[in-house]
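> One structure, pasted below without further comment.
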Amino acid sequence: MKNAKLITGIVLLGLMVGLALIGPAIARAALFPDTDPIGRGTFRPFQLPSGEHPLGTDGDGRDGLMVYLSSILPSFKIGLIAGLVGASLGVIVGFAAGYATGRIDTISRIIIDMVLVIPTLPLLLILAVYIDRWDLNKLALILGFFSWAFAARVIRSQVQSLRERRYVDLARLSGAGTVEIIFTELMPALLPYIAYILSLSMVGAMLAEAGLQIIGLGAGGLPTLGFMIAKGLREGVIGVGLVGQMLLPAATLILVFLALNMIGMGLDEIFNPRLRTTVEER
């Protein structure tokens, strides 16, 4: 079934992934075949945009365009790992809390509520004392672990609603077990929510990484979109005519969010019969 939002989101996300994978190689071959454009001190710092340096150079004497292109893939990795960790934990806990009743549901709900009110930033500050160096995987795993509670709450409420539906009762009467009901009856209906939660978790992790960079807790030395934004703020690139070094990373984060959001809405229209009927009537 064709869905304009789903197709548009997939195409847009595919373009961004393609830019992350092959963009640096193409730009380097075209502009800097014999130079390391992201090495410190390679060029004069704070050069204005030109034919040789479309985004100028940063305060470390690196080409702004190459730093930008090289920062997309690490940001995607952080978002993907954190999103998968957070969404997976949230789905598991949400299904367990939503489908079960009695003590299991009560305990799960209390744990979810406790995690939701725990302030994340102080915990990250404490962890920074014990972690000598933040790398991409450590940062992504930690961000993913702190994001599962929201997903669990959303999934729990949806499962509680679906478990009382007539088709679920019919599945129980036919002899289907709990695992079979979850994967054949409940999971397909919740795919749009899971996709949407994954998109929010991915973008949330990418934005959180940017915030951590600003306060000095990011993965030091690893170029990410958040690193470019934070570095641009520290160096005042807007005041020296290098606004593109901040706008492009910020715009990329927005485009990634829009792409993932459109994919989630498209899946919702496909799997939700009422939405599908409304869209087909237009």
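Any Cβ shown, glycine's included, is placed from N, Cα and C.
Per TrEMBL, domain 'ABC transmembrane type-1' is recorded for 72-264. If you look up TrEMBL, you'll see 78-98, 110-131, 137-155, 176-198, 210-230, 237-263 marked as transmembrane segment.
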> What parts of the chain pack near the transmembrane segment (210-230), using Cβ distances under 8 Å and only residues at least 6 beyond its ends?
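The answer is 38, 67-68, 70-72, 74-75, 78, 124-125, 128, 133-136, 138-139, 245-246, 248-250, 252-253.
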> Apart from its near flanks, which chain residues at least 6 from the ends of the transmembrane segment (176-198) lie with a Cβ under 8 angstroms of it?
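Apart from its flanks, the transmembrane segment (176-198) reaches 83-84, 86-87, 90-91, 95, 99, 150-151, 154-155, 158-159, 162-163, 167-168, 260-261, 263-265, 267-268, 270-272.
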> What stretch of 110-131, 137-155, 237-263 shows the most Cβ pairs under 8 Å to the transmembrane segment (78-98)?
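Highest pair count goes to 137-155.
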